[in-house]
Amino acid sequence: MAPSAAEADSAASSSGRLLVLYASQTGNAMDAAERVGREAERGGCPAVDVLSMDGFDPSRLPSKRFVVFVVSTTGQGDPPDSMKGFWRYLLRKDLGAQWLKGVRHAVFGLGDSGYQKYNFAAKKLDRRLSHLGAERVVEIGLGDDQHPSGYEGALDPWLLSLWKSLNETNQSLLPRVSDINDPNLSTLGDPKAHVIYYSSNEVSQDSILSDPQKIINSARTMSPALQFHNDGGPPYMLQMVANQRLTVEGSDRDVRHFELEDPSSAISYKTGDALEILPSQNPSAVDAFIERCNLDPDCYVTIQGKSDDKISKGSAVSSLMDRIKLKTFVALTMDIASASPRRYFFEVMSFFATAEHEKEKLQYFASPEGRDDLYQYNQKESRTVLEVLEDFPSVQMPFEWLVQLTPPLKKRAFSISSSPLAHPNQIHLTVSIVSWLTPFKRTRHGLCSTWLAGLNPRKDNFIPCWIRQGSLPPPHPSVPLVLIGPGTGCAPFRAFVEERAAQTVAEPTAPVLFFFGCRNQDNDFLYKDFWLTHAQDEGVLSSKKGGGLFVAFSRDQPQKVYVQHKIKEQSARVWNLLLSGAAVYIAGSSTKMPADVTAALEEVICKEHGVKKEDASKWLRDLERVGRFNIETWS
């Protein structure tokens with residue numbers, strides 16, 4: 001399908017226009033795309049459009065001459081939600097190899113090399129654009145969360161190459177290309193947030209929200225920074241009824257078993273689902289942030305995104321909008337005491353610094369030359385927004401900029417470790433309590449896990465929670481299972497085993513093999529009694545039922561033993577179960593474990609089936625295609 005004459009005319013008029021399309025799940029890709037737009041404008045680009053993919057009609061793509069795509073990869077290689085419709089359109093069979101002839105494109109991906117399908121969405125997009133006739137301006141850029149400087153470690157050099165190539169292709173597109181990296185020419189635009197302030201005596205008591213669910217929903221819906229974090233409606237408010245340590249007291253790992261319930265109504269969830277929790281920030285940190293920023297903790301605010309029609313105070317529309325106490329808005333939406341700010345935060349701070357030495361330091365941090373030093377100061381030390389603001393006391397950033405640039409308070413997702421058949425009104429979680437030392441020996445604590453560990457069952461406030469579908473689909477009772485979950489990766493499989501045990505009462509069920517791994521039998525054999533009980537007599541994991549429990553204790557002998565070694569030891573049993581239609585489920589750390597386990601399964605197939613490694617890999621890919629090979633990992 002070649003471009004029409006009208007499209008060709010449109011293309012000619014757009015030769016001085018740069019289109020930047022992004023697909024973001026958490027906001028990082030949007031940040032990177034906006035940086036592309038800012039730098040293009042600084043280089044004199046006559047017109048720059050920065051749009052979310054779901055806000056652009058893909059049928060108009062052939063009329064664009066220069067398009068930059070910034071795409072994140074989510075979950076197990078999935079595109080962000082905002083890309084799915086766009087991607088479906090690009091896969092149409094009636095789009096020929098010349099459909100995008102004349103379009104020059106560049107793709108930058110944001111991913112995490114700890115996952116097997118690293119930057120999968122960006123790579124697929126880049127290939128598809130080329131298949132449709134578009135020409136690359138520059139090779140695909142791959143941002144990596146594992147890089148010492150995060151995705152910017154790849155973005156900085158990629159942008160230099162992009163501007164150089166675009167300038168060589170069409171000098172009128174970037175007439176001032178040399179200005180892009182000149183810090184003296186940097187200008188500050190307008191913030192994307194518009195804030196209306198109300199003093200406490202301007203707000204009637206009737207208009208103040210009192211329901212915690214409505215307050216949370218209203219605050220987070222109002223936040224421009226959370227536009228990519230769809231909460232999916234008001235939360236469940238669950239009460240913690242059990243907080244039990246699973247690892248031995250005094251060991252260096254603290255893993256907890258939590259039980260949550262809704263005292264007023266039933267909880268609807270499925271085995272394999274995940275629970276998202278909105279953590280509570282330390283009230284003293286929120287107070288310190290408000291004091292540092294000279295804000296009125298008792299005033300109320302209404303906040304809009306820049307793209308909304310601006311509403312003035314006192315208008316009929318504004319009187320209908322929810323008003324949130326500023327302190328509540330900060331506590332529920334702005335991560336001021338656990339997340340590190342991004343580089344653009346430092347650039348904007350530099351415009352509000354009144355002390356010259358602070359301004360110079362901030363400008364240096366925001367520059368490509370200062371990237372590594374910023375990484376050492378900021379990310380490596382897990383410096384928080386509050387700490388950064390306290391380190392630069394002359395800076396007084398307007399609240400509008402703080403709303404835009406402070407990292408949003410994100411929900412934390414945990415695999416549910418209970419079955420609704422066994423616990424119809426409860427949700428169980430298996431959570432590692434996170435803490436670490438920075439290079440300067442400062443102890444840092446994970447916000448959500450530390451908060452949960454400190455709650456007293458049945459005594460503390462309710463926990464805001466959302467249930468979402470996990471990436472481990474619940475299996476039919478007749479499907480044999482090979483479950484591999486070292487460490488807290490056992491969480492979803494505790495639910496699977498509970499579920500199958502409950503199903504066994506009413507119907508025949510297929511065998512289950514479970515491979516678990518930990519450091520020591522005495523210290524961190526999580527749910528030891530649970531697994532051993534189900535491996536005895538007529539239990540789900542018992543040999544009588546065709547099942548099996550295999551545990552690797554990595555530190556209980558001179559040589560380290562991991563789950564992949566146990567899989568290879570049980571090669572014949574694993575293969576026989578695979579031949580009988582088993583589904584494989586893997587859960588746990590995203591570092592080396594999934595790749596090592598996949599390699600062990602390939603070895604089993606090679607040995608037992610008598611095929612080459614390439615054929616074994618294809619065998620597993622075929623399993624994945626039919627939904628019988630599932631992985632859920634986290635970093």
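Every residue gets a Cβ built from N, Cα and C, even glycine.
Here is what TrEMBL says about this protein:
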type	residues	note
DOMAIN	18-163	domain 'Flavodoxin-like'
BINDING	Ser24, Gln25, Thr26, Gly27, Asn28, Ala29, Ser72, Thr73, Thr74, Gly75, Asp145	FMN binding site
DOMAIN	233-475	domain 'FAD-binding FR-type'
BINDING	Arg412, Ala413, Phe414, Ser415, Gly446, Leu447, Cys448, Ser449, Trp634	FAD binding site
BINDING	Thr488, Ser554, Arg555, Lys560, Val561, Tyr562, Val563, Gln564, Asp596	NADP(+) binding site
Sparsest-packed of the listed binding-site residues (Thr26, Ser72) - C-beta count within 10 angstroms: Thr26
For Thr488 (NADP(+) binding site), the one of Ser24, Thr26, Asn28 that lies nearest, given that the binding-site residues are compared by Cα: Thr26
Secondary structure composition of the domain 'Flavodoxin-like' (18-163) [DSSP: H/G/I, E/B, coil]: 58 helix, 35 strand, 53 coil
Which listed residue (Cys448, Val561, Val563) has most other Cβ within 10 Å, given these are binding-site residues: Val563
Largest tally of Cβ atoms lying within 10 Å of a Cβ, found at which of the binding-site residues Phe414, Trp634: Phe414
Whole-number mean of pLDDT values that fall within the domain 'Flavodoxin-like' (18-163): 91
Nearest of the binding-site residues (Ser24, Thr74, Asp596) to Arg412 (FAD binding site) - Cα to Cα: Thr74
Binding-site residues: Thr74, Thr488 - member with fewest neighbouring CB atoms within 10 Å: Thr74
Count of other CB atoms lying within 10 Å of the CB belonging to Arg412 (FAD binding site): 17
Diameter of the NADP(+) binding set by C-alpha atoms, the set being Thr488, Ser554, Arg555, Lys560, Val561, Tyr562, Val563, Gln564, Asp596, in angstrom: 19
Binding-site residues compared (Ser24, Asn28) - highest count of Cβ atoms within 10 Å: Ser24
Number of Cβ atoms other than its own within 10 Å, given for Arg555 (NADP(+) binding site): 13
Within 10 angstroms of Ser72 (FMN binding site), Cα basis - binding-site residues out of Phe414, Cys448, Val561, Trp634: none
All-chain count of other Cβ atoms within 10 Å of Asp596 (NADP(+) binding site): 15
Candidate binding-site residues Gly446, Arg555, Asp596, Trp634, pick with smallest Cα gap to Asp145 (FMN binding site): Trp634
